[in-house]
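Undergrad: Structure in structure tokens, see below.
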């Protein structure tokens with residue numbers, strides 16, 4: 001039979017059961033039974049049309065490939081692309097065939113041959129045993145002895161004793177060989193040569209390019225090699241350990257020392273100097289701002305700039321930890337002097353900063369860059385005068401970060417971080433009453449007050465105080481942008497600092513260059529307490545542990561610590577912190593947890609001091625009675641003092 005596989009049913013020949021086996025007859029029958037089947041939509045062509053020759057040229061070009069691609073070029077604006085990929089892949093299959101000549105192929109063939117040899121040896125051994133058993137003759141036994149046994153598949157590996165540590169350590173299976181050590185050394189040398197070549201090429205860069213890159217200075221971590229960054233954390237811990245050993249006596253004093261002589265003093269206390277923080281590049285800059293980190297209680301940020309109008313230059317932001325007084329944890333440099341800074345309470349890695357040139361910025365400590373993550377500009381509505389204070393606020397309705405700033409230009413501005421940009425909104429303008437002047441063409445010109453400091457209420461988010469250069473303190477609200485809630489005729493010179501009490505909701509404190517510190521009740525226009533410190537007061541701060549303790553620093557280099565519950569008239573401690581006459585103290589801050597204050601001066605130094613027991617005296621425990629502690633006790637303690645001051649006034653009024 002002739003095969004008819006692959007033919008359609010219409011083309012298959014119909015054959016009888018008794019078919020001849022001769023080839024000739026089968027072929028004729030197949031040819032006779034073949035019929036042509038035309039599709040219904042085939043064109044009916046004439047003989048002339050069928051005989052006509054139509055030439056077709058086959059090319060390797062893909063008819064579906066685009067022919068008119070145009071790309072943008074920086075040299076020529078738009079440039080047509082001449083080369084187009086014409087290859088069209090219809091089918092691809094990754095095979096698993098390995099060439100015999102390749103390394104993998106040789107290894108596989110050796111593996112197969114060894115496996116086959118082991119099978120053969122086992123089969124031959126079994127066959128020899130059967131023959132010896134069947135024959136039982138001596139000749140067969142002799143032949144079996146003379147035959148050599150086939151080679152075994154391999155030697156049995158000795159299992160290492162997992163519990164014998166001497167043996168495990170002496171094994172060289174996993175230990176590096178000499179050539180591996182040599183290769184590692186060669187690789188290290190090549191790396192060093194490459195880094196040297198990079199430094200040489202950097203040195204040959206023209207001065208123009210260097211000036212462009214000034215704004216993009218890399219931090220110390222970025223400029224180091226990859227190997228050093230891997231061990232940077234371990235090196236930092238080692239540095240802290242070495243410092244703790246070096247300054248062991250100071251660390252012991254910080255942790256354990258309590259001045260026993262306080263018992264023999266009449267309520268007076270002392271400040272024990274601890275570490276001194278200084279950095280080479282900040283020697284000619286003044287400490288303009290200090291702030292403790294809300295999460296890490298040993299970490300604090302220091303802003304550097306200059307209060308002298310004629311000596312303005314670059315600024316720096318450093319972050320120190322009490323664990324390492326010899327070198328700062330973070331270093332950021334800026335083109336303009338830093339005047340103020342503030343940590344975010346919920347995101348302690350964000351630092352808001354105000355500059356002398358009127359700009360504000362946000363630094364992100366998580367990012368390894370020396371530049372701020374976000375910064376204002378003249379286009380985005382920066383201040384026209386130095387920014388004297390910045391304060392973070394709660395996130396807005398859309399959960400965007402925002403902070404406030406006050407400046408000498410008389411504007412209090414709210415900055416909101418929207419889509420990686422700082423957007424400003426003027427909250428209030430400090431217009432001074434009675435200063436409206438008639439300008440040209442009937443315009444009314446009003447003098448704006450110069451804001452120097454501000455502070456937000458601890459509970460009422462909308463309420464805040466603003467101190468000015470004129471000596472006035474304005475009580476303002478976020479809800480009213482055109483008027484003040486109250487105006488306090490507070491000081492005769494600029495208000496350097498104003499701060500709400502952390503416990504009592506009505507009390508705030510202010511200090512000024514007119515030598516005075518004043519404590520106020522915001523519902524009363526006159527101050528509750530006035531203290532004259534015989535020198536311009538640079539800064540004042542409430543303590544976090546008591547509602548009646550505060551500290552102030554003066555330009556004559558002294559620190560003053562008061563406790564109203566013990567002495568309402570004089571400071572418990574007045575101590576010289578800076579000895580040199582040309583140096584002045586600028587700022588003071590209490591640590592939120594430890595009995596420590598940090599004080600900054602005009603030479604760029606930050607000194608930490610420990611408060612003696614008399615300066616942080618707590619109520620004594622009586623037998624059988626529990627000492628009440630908490631905010632309610634602190635509020636009651638301050639209220640009692642305020643009532644003593646208010647009572648004579650109320651009696652006189654009657």
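Just so you know, glycine gets a Cβ as well, placed from its N, Cα and C.
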Undergrad: I'm validating the feature mapping. Which of 98-127, 128-157, 158-187 is tagged region 'Disordered' in TrEMBL?
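TA: Range annotated as region 'Disordered' by TrEMBL: 128-157.
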Undergrad: State the non-local partners of the repeat 'WD' (488-521) in its own chain: residues 6+ outside its ends, Cβ under 8 Å from one of its Cβ atoms.
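TA: Beyond its ends, the repeat 'WD' (488-521) has Cβ neighbours at 450, 452-460, 465-475, 527-542, 544, 547, 550, 552, 554, 564, 631, 634-635, 638-639, 642.
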Undergrad: DSSP helix, strand and coil counts for the repeat 'WD' (488-521)?
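TA: Split by secondary structure, the repeat 'WD' (488-521) comes out as 0 helix, 20 strand, 14 coil.
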